[in-house]
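**Q** Pulled these features from Swiss-Prot for this protein:
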type: ACT_SITE; residues: Y56; note: active site, proton donor
type: BINDING; residues: D51, 152-153, 202-212, 286-294; note: NADP(+) binding site
type: BINDING; residues: H122; note: substrate binding site
Amino acid sequence: MVKSMRFRDLEVPTPGFGAMGISFALGNDLSYEEAEPVLLKALEQGCTFWDTAVSYGPGKNEKILGDFIRKYNCRDKLFIASKCGIAAFEDGSVTNSAEHIKTYIEGTIERLGFTPDLYYIHRMDPNTPLEESIPALDSLRKQGKTKYIGLSECSAETLRKANSIARIDAVQAEYSAFETIHETDGLIDTARELDIEFIAYGPLGHGWLVEDFPYQTPEDFAPEDYRRQIPKWQGENFYANKRIADGFRELAKRKKCTLPQVALAWVAAQGLISIPGTTKPERLVENFTSRDIELTEEEIKDMRKLVDVLKPQGDRYNEVAMRSIGK
């Protein structure tokens, strides 16, 4: 049973909350009024480790969170992470230039209404050397514009080099029982070696590991849903992966909890902070109460067998997006 984890000098409740789906990627574009109930439920439950980004909207996601925090006067109760590194208001390309970082933090602060606790570079730009981007990010910390800095979806080599230039506090990357690539590419091991916190996004497999999976065919996704472009969700891969998810579902039934709860409890058992997203208050409660699930050593071993044997089919991003991860 894991109820909190260390983040630098803090103890943060886990799991946290990923706000991306409120306004980006999953076919959703919620108004403030539509998003408020799930944010309020998170606050009421004590789920206070929140994640957003400039590109989720663009700008809209940060603004919704900022408006909510002002309305409920709850800044002191929340840990807020955001991200730059994508030219969201321009052409959408990946950029890590010092000027971009310097400019985007100001917009983040304006939309949130305060300085974020943690500021990431969202994707790594191969055209900007770390010797330019990391000092620029570090300067935000030195100026008090963020307390912690991090990288997202970088390689183990990049994380190590960046940390040699300036202290990196966190790395965010995809991790779930459905996606364990960072166990084998060295990223998790490198983060642990360097004492860098690993934040797991997509801990429910971007929808595979939910209780009432509503999609029966790849054509069932909304037109704007990014999963229409992801090989893992298309063609025969869809049906193969759906069968794998059913294997995890059987384990959850034996545990007498929901599939998301056992999936999140398993991520926590790996010592990683997860940030599952949802737009529904009841799902928020379901996710957060995964902290009450205690997996036995035998159950962890059983799930590990499923994870290691039932490998999902297809890439986790489309060809274009794959070029900007693991760099």
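Backbone N, Cα and C atoms are what each Cβ position is placed from, and that goes for glycine too.
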**Q** What are the non-local neighbours of G202 (NADP(+) binding site), defined as same-chain residues 6+ apart in sequence with CB under 8 A from its CB?
**A** E174, Y175, S176, E179
**Q** Tally every other Cβ atom lying within 10 Å of the Cβ atom of N287 (NADP(+) binding site).
**A** 30
**Q** How far is it from S290 (NADP(+) binding site) to H122 (substrate binding site), counting Cα to Cα, in Å?
**A** 27
**Q** Looking only at Cβ atoms, how many others are within 10 Å of the one on E211 (NADP(+) binding site)?
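**A** E211 (NADP(+) binding site) is surrounded by 14 other Cβ atoms within 10 Å.
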**Q** About how far apart, in whole Å, are the alpha carbons (Cα) of G205 (NADP(+) binding site) and the residue listed as 'substrate binding site'?
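**A** So the alpha carbons of G205 (NADP(+) binding site) and the residue listed as 'substrate binding site' sit roughly 19 Å from each other.
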**Q** Using C-alpha atoms only, work out the spacing between E211 (NADP(+) binding site) and the residue listed as 'active site, proton donor' and round it to an integer in Å.
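**A** Each residue's Cα considered, E211 (NADP(+) binding site) and the residue listed as 'active site, proton donor' end up 25 Å apart.
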**Q** I'm trying to understand the geometry here, so how far is the Cα atom of W208 (NADP(+) binding site) from the Cα atom of the residue listed as 'substrate binding site', in Å to the nearest whole number?
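**A** W208 (NADP(+) binding site) to the residue listed as 'substrate binding site', Cα-Cα distance: 24 Å.
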**Q** According to DSSP, which kind of secondary structure is N287 (NADP(+) binding site) found in, if we only use helix, strand and coil?
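**A** Looking at the DSSP assignment, N287 (NADP(+) binding site) belongs to a helix.
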**Q** Using C-alpha atoms only, work out the spacing between H122 (substrate binding site) and D51 (NADP(+) binding site) and round it to an integer in Å.
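**A** That separation, Cα to Cα, works out to 12 Å.
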**Q** According to DSSP, does G202 (NADP(+) binding site) sit in a helix, a strand, or coil?
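**A** G202 (NADP(+) binding site) sits in coil per DSSP, no helix or strand.
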**Q** Please work out the number of neighbouring Cβ atoms within 10 Å of the Cβ of H122 (substrate binding site), leaving out its own Cβ.
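**A** A count of 25.
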**Q** Look up E211 (NADP(+) binding site) in the DSSP assignment and reduce it to helix, strand or coil.
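**A** Where E211 (NADP(+) binding site) sits, the three-state DSSP reduction gives coil.
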